[in-house]
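**Student:** Mind having a look at this structure? Questions to follow.
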């Protein structure tokens, strides 16, 4: 394992750097600041940065679309802007929040945005139609962060009400609420497989929750001040966090321990982000600086380990919605006639709740559907008919079998983790044995040379006599 190294230093912002994200094309880094500007840095040497101006207050969040052709930003000016990262810097403004917008994120396909706001709401927007779609309202204090799951079926949100909520995007209902947070929750995100979420808090902690078992599986208390941001490595093996204690911490999630503490910022570290491939990560802070780091320690990726030991472990599948607590009765392997589904899924439009864009929204955005320009779009609602469980005399047996299957699933997950750790331990032992055998060979060779030299010396002294 090699140590991470500081690759580059970007100076251009005039105030604290609050957010950062890498372009999926591996060529750009976007950063937002309290100075109201969005900078698009070209990672190629000696290339100029793009400065995008349009927000009227501090920028709080930024993210590239999955295609890398758009950039979304959120601001304390109560708006969300969608930019084309070019010299013209054209943007479209989304307005529906009534207070500062704290975060913005794309879904996996790039056609929806989710935002979190001080108005205690989470809102979902249509990128293609440039309009507000629906709102999620159960938080009792300002919402600091919201993110889509990798498959787009869930939204996770957190805030100053000390809760983390999971929302079903199809029913728009809150399906789970984590309350064991110990203070204001500053950031939330899914790992790349969607099986876990991590949270950071003002209580200086980083916690990781398994969505399949509804359990807290890892708890890191490695910072001495509040944690402002974190980022999963694409392999899910590592996590970096930035804190008001001016440090960046790197955790090994397989071994469950802190492996690096990085110093470089002269003030609080407000944002950290891995690149899409994981080879780089960026940090921004209250000192107005953006630091670009080379990862190095991920030289042996998790995927390589899986390929070498495919018979031992397989990647975790994303959780099923009904596997997230609180669970509703369901069968893992439904039998014919055991469950009867009635009705069908109906999608329609609910009038009177759309929000128009300010300024040159539709006209300036080149990616909008031409048929949708200038047209008032309305909130999308989905009506879902519940499953009807047909009464059966063997219901108690079914419940018992469900419980057994759940326990087996949990044991399988535990064995998988143990096998992965055993694999890494075996690799390290092999490497140690190899080095030991090489040292022994070198010692034998050195002994032979010394003995030969001694014999030659003795022979020369005899001849002289």
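Backbone N, Cα and C define each Cβ position, glycine as well.
Just so you know, TrEMBL annotations are computer predictions that nobody has curated.
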**Student:** Can you identify, from 282-308, 309-335, 390-416, the stretch that TrEMBL calls region 'Disordered'?
**Tutor:** 309-335
**Student:** Decide whether the stretches the repeat 'WD' (10-43) and the repeat 'WD' (220-261) have at least 3 CB pairs under 8 angstroms, with pairs required to be 6 or more apart in sequence.
**Tutor:** no
**Student:** Short question: which residues 6 or more past the ends of the repeat 'WD' (52-83) have a Cβ under 8 Å from it?
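**Tutor:** For the repeat 'WD' (52-83), the sequence-distant neighbours (Cβ-Cβ under 8 Å, at least 6 residues beyond its ends) are 15, 18-25, 28, 30-40, 89-95, 97-106, 108-110, 113, 115, 117, 125, 127, 130, 358, 365, 367.
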